[in-house]
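Here is the structure we will look at, set down as structure tokens.
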Amino acid sequence: MGVQVETISPGDGRTFPKRGQTCVVHYTGMLEDGKKFDSSRDRNKPFKFTLGKQEVIRGWEEGVAQMSVGQRAKLIISSDYAYGATGHPGIIPPHATLVFDVELLKLE
């Protein structure tokens, strides 16, 4: 499957991230059953990553690249675009499909 992007609320429709830019996002990560495992919103601190530097899972690289600034979307990411057969011990089980609620706040 890879990554599926479902818009929750639209962005500006013009400003999309490019490789090398820093994406500033708020997110909540959940397992398919809705169990939350991480959230920048709970910490009240946006998360930053550089697109194209493999600092995040492949599903984020490809999913966030399709979002415009201000957009909030649900990213449904298959395990091969996330943590695969290994998972993340104690947090994400092996072969888990992940669901992220991501808002692209700005680009730097």
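For all residues, glycine too, the Cβ spot is worked out from N, Cα and C.
The domain 'PPIase FKBP-type' annotation in Swiss-Prot covers 20-108.
Taking Cβ-Cβ distances under 8 Å and a sequence gap of 6 or more within the same chain, the neighbours of Lys53 (N6-succinyllysine) are Gly20. Summarising the annotation, Swiss-Prot assigns N6-succinyllysine to Lys53 and lists a large-scale study or a structure entry as the type of evidence.
Marked as N6-acetyllysine by Swiss-Prot: Lys53.
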Hey, does DSSP put Lys53 (N6-succinyllysine) in a helix, a strand, or just coil?
coil
